[in-house]
Amino acid sequence: MDLPSGSVMAVMGGSGSGKTTLLNVLASKISGGLTHNGSIRYVLEDTGSEPNETEPKRAHLDGQDHPIQKHVIMAYLPQQDVLSPRLTCRETLKFAADLKLNSSERTKKLMVEQLIEELGLKDCADTLVGDNSHRGLSGGEKRRLSIGTQMISNPSIMFLDEPTTGLDAYSAFLVIKTLKKLAKEDGRTFIMSIHQPRSDILFLLDQVCILSKGNVVYCDKMDNTIPYFESIGYHVPQLVNPADYFIDLSSVDSRSDKEEAATQSRLNSLIDHWHDYERTHLQLQAESYISNATEIQIQNMTTRLPFWKQVTVLTRRNFKLNFSDYVTLISTFAEPLIIGTVCGWIYYKPDKSSIGGLRTTTACLYASTILQCYLYLLFDTYRLCEQDIALYDRERAEGSVTPLAFIVARKISLFLSDDFAMTMIFVSITYFMFGLEADARKFFYQFAVVFLCQLSCSGLSMLSVAVSRDFSKASLVGNMTFTVLSMGCGFFVNAKVMPVYVRWIKYIAFTWYSFGTLMSSTFTNSYCTTDNLDECLGNQILEVYGFPRNWITVPAVVLLCWSVGYFVVGAIILYLHKIDITLQNEVKSKQKKIKKKSPTGMKPEIQLLDDVYHQKDLEAEKGKNIHITIKLEDIDLRVIFSAPFSNWKEGNFHHETKEILQSVNAIFKPGMINAIMGPSGSGKSSLLNLISGRLKSSVFAKFDTSGSIMFNDIQVSELMFKNVCSYVSQDDDHLLAALTVKETLKYAAALRLHHLTEAERMERTDNLIRSLGLKHCENNIIGNEFVKGISGGEKRRVTMGVQLLNDPPILLLDEPTSGLDSFTSATILEILEKLCREQGKTIIITIHQPRSELFKRFGNVLLLAKSGRTAFNGSPDEMIAYFTELGYNCPSFTNVADFFLDLISVNTQNEQNEISSRARVEKILSAWKANMDNESLSPTPISEKQQYSQESFFTEYSEFVRKPANLVLAYIVNVKRQFTTTRRSFDSLMARIAQIPGLGVIFALFFAPVKHNYTSISNRLGLAQESTALYFVGMLGNLACYPTERDYFYEEYNDNVYGIAPFFLAYMTLELPLSALASVLYAVFTVLACGLPRTAGNFFATVYCSFIVTCCGEALGIMTNTFFERPGFVVNCISIILSIGTQMSGLMSLGMSRVLKGFNYLNPVGYTSMIIINFAFPGNLKLTCEDGGKNSDGTCEFANGHDVLVSYGLVRNTQKYLGIIVCVAIIYRLIAFFILKAKLEWIKW
């Protein structure tokens, strides 16, 4: 192809046609070992002047290479909008200009204001970008702002990946219209991939490239497109979007073998025609024109600023972002305050005259070095993954930010608030609550050590995120690294007597230097009763832990080096591990196709269930379909936001009311597709959620509704409506990635069609797969963002298939075509139309960009304007006639649906357009309101309305009311499904089976063999304390497995398929045996390998305790994952709880207050630690004292294990504790169950 400067080109095609791949090749962004043939050449147009960087350029593609001499700037806009939600439009563009332009402030300011004007962002220039939690810009405004961040570098060529995805038709049109204006005025070249362009967008293009399965169907000027296809016998029908027509022509329909063969043959013919046309008609620029003197090289994105300029700009932006994020800022200061206070309370002023008190003092020094910095490690990893790293990756890909500048700027901006303030708060509280010596020098030693430890963990979090941007993997890297480093610190096992193959770890462990510094500062020459310093109790303690005296300066310097070293390693990994657009391989299920089995071949348990629940015969089930006309009368919906502490003058709570729907009256008829149309923010999805009973109020947002829903002119409640309708949500994220298409529908059928036999269910499933066009991918896994599976359109059809299994009389679909190409969208709508026509269903969809020919086939259309006001309700023909009467005639070759959406949309690109468009919208809304006052759609008086009673409704619609599967059936199906997903998910399986034994292996490496001398006492206490880490392992295992199962269960619960108990029991059925197996392996390493008493009692007690602690950690994970749905936030919340719980195990602080001991009754590690330590020091364990612990008379201070337990006050009734912890574990599970029940049934948050 030959593309002149100032052109707008679109690459079009169905899903999987290669649009994004071609775009990436053109933008030189391919990676992952992929190669390509041919060349891309950028040639200066002959303007008669010297070439320079701002002149118009010509891009020329052919199959030969030429020398490169000059440079041209390009920009690339990815499909996702990566913007900071806490900056305004103007601030976003200003910081982008500061990073990408080495110009004067005045020049940059002028460019920003000019871009705001050109992109139509003037009215929202000072509006925050916003995100899911905070309202801000609309989708179209964010897209235009993303374009602005790329345009600020003044590129000659810009590539855009799906710039209109997720936008309504009018917003999409404005985006492309803006690009066309920029191309025309500035001579820029825009190349984009686009999947469903409306007709007026198509005619804005200069060049079109249509692909199918990687082959070119057409690639030439837009003006030649229609004539070309007409020349080979394909004429575009009137009032049909040519883009939709061309994509249909070049797509393969796989819904039946016959259709697939026919459409594939047509595609092959189109490809052959194009090859012939290309050879005979297309002439690229002659070689003589492309001389070495005029060829130039493309330069990636922008000219990079000097290092310190980057740091300055990034630091200013970080300061602004940090101080505008009030929640994070409050958390930053609240966390050390709370943790410091609780930690100080746990270790409050121990008695330093007793062995137990000195053990507590040692433990509190360990807690000082470990607790705060570990929690900061998790917090900073979460903050990086959720906010900072995505913005960095985009700017790094653009070439405007280097890894070192990013790290230095981030550390400077967080230095005062995080590194200094958090450390000072924590140390100021804990130092004096620990009862340490009131010496300023020693206080600042402690501050310096904790400060450097937190700095090291900050560097470790950067290193972890550099390895993986996914929080679950980054936190795993950080956790595992920290666990190994904490093992080498010398607190749990004496650093001098570690096995030689792991002793070296202490030299790379910042924890060893920090703990050693505090130990030496606290105990050197302390607690002396004689002049002989060797007999000082403090020096003896240092000897036991393997630290020298007065060891402060050297470890502090090394600690400083390590704190810098982690950042250096993180920077190196960031340099090497550049995140950019890559292509993933498709992964298919290895499962063999399942052969149909006769009823006699069914498994016994399924056969039994079929006998019990086979209450209807198939013929009755296929009985006459009922036709339901739905009428909405005076539907109002408003949401009341309560913002706490937002306005002190008006009181603690500020209430804000937002109107979402206002007096909506509509009729939806059976046997046809009923469409709800409108721009973004018109309340389309809210209306569907309201009538289907899916609106959920929260603590700070309450929904207030009014109005009536009528079935065939008889009023029904939202609960009645919900019982006979199926709802297909806009997102397909809840689908289980590890299941195949067929398995997903098979398991859904087993739960939703439990009154049928297995053979009948399989038959219906197979028919549904065929009718949905999924036969070709029925054995492909669903996939997710990490594993490539089926396409977006196929996922959407799977979601529809699950809902269609019930054969509901009413089907609601929220944006069923969003994000899909025009052919896939048409396929889905054709399937829905067939269901309406053949089965008389009432189908209601929300849609933002319907194809013109499909719009004509809608039975009824409800047109909503902003704020949920009705602009029209009726058939498409009535709609055209109505708007014609109002003076709005649809032009030829324009999609009428797009035309009507434009009419009721407000254009905010400039003040004049906004005033005129608002006046037009008000005129249309007023006309419809006046029309309603004289029509039969006016509401029926309440006194005249007939209403269904609960009994009469369920009697009349009993055949269609979803009856939940009983507990036994739902339990069996859930166990099978969860077993399949766990077996196929390597991460889930490893989390269940490998983590617990892995911890045992690490313990064996550090502790084996445990001896019988004085030093071994501390090592045995350390090993028992380290077992509390299983609390965290249980939580991490839950995080790997539970969220995906939870999301899928929520969907099925909303559909009334089954209750909470079957899901909960099935989850436990798989979790508990795997945890038990892992616990046995753990005991092999910690008891047999480490050398604790090798008795059956100790072995099985260790298995039992590790199993219980893991289960309690899992239960806490379920509780927190039920409260919150963001995994990073869950980990941070639960880690605080678990960290406090492990500190209160009874082996760290040996003299806790009675209040804390009361809390400890529900702390499982408080029981398990005592059980393990009592089995580790049996009465028959003989101890030697050659290495220390001798009395003055030469006898050993501790002659046997029982002496140790008595001296430390750790003697417990193990049999009693073994019984109590079962009760604690059951209580944890019951609490988790009731929290889930409260969320879904009682409070419903």
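Note: Cβ is positioned from N, Cα and C throughout, glycine not excepted.
Here's what TrEMBL has on this protein:
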| type | residues | note |
| --- | --- | --- |
| DOMAIN | 3-238 | domain 'ABC transporter' |
| TRANSMEM | 326-348 | transmembrane segment |
| TRANSMEM | 360-379 | transmembrane segment |
| TRANSMEM | 420-436 | transmembrane segment |
| TRANSMEM | 443-468 | transmembrane segment |
| TRANSMEM | 474-493 | transmembrane segment |
| TRANSMEM | 505-523 | transmembrane segment |
| DOMAIN | 630-892 | domain 'ABC transporter' |
| TRANSMEM | 989-1010 | transmembrane segment |
| TRANSMEM | 1072-1092 | transmembrane segment |
| TRANSMEM | 1099-1123 | transmembrane segment |
| TRANSMEM | 1129-1147 | transmembrane segment |
| TRANSMEM | 1159-1177 | transmembrane segment |
| TRANSMEM | 1217-1236 | transmembrane segment |
Across the domain 'ABC transporter' (630-892), average pLDDT on the 0 to 100 scale: 85
Are the transmembrane segment (1099-1123) and the transmembrane segment (505-523) close, by which I mean at least 3 Cβ pairs under 8 Å that are 6+ residues apart in sequence? no
Can you tell me which of 474-493, 989-1010, 1159-1177 gets the most C-beta pairs within less than 8 Å of the transmembrane segment (1072-1092)? 989-1010
Would you call the transmembrane segment (326-348) and the transmembrane segment (505-523) in contact, using three or more Cβ pairs under 8 Å, pairs 6 or more apart in sequence? no
State the residues, same chain only, that lie 6 or more residues beyond the ends of the transmembrane segment (360-379) and have a CB under 8 A from a CB inside it; answer 'none' if no residue qualifies. 331, 335-336, 339-340, 343, 346-347, 350, 352, 418, 422-423, 426-427, 430, 434-435, 446, 449-450, 453-454, 456-458, 460-461, 475, 478, 482, 486, 489, 491, 511, 514-515, 518-519, 522, 541, 545, 1131-1132, 1135-1136, 1139, 1143, 1147-1151
Cβ-Cβ under 8 Å with the transmembrane segment (1217-1236): same-chain residues at least 6 beyond its ends: 1060, 1064, 1068, 1101, 1104-1105, 1108, 1111-1112, 1115-1116, 1118-1119, 1122-1123, 1162, 1164, 1167-1168, 1170-1171
Out of 420-436, 505-523, 989-1010, 1159-1177, what stretch is closest in contact terms to the transmembrane segment (474-493), meaning most Cβ pairs under 8 angstroms? 505-523
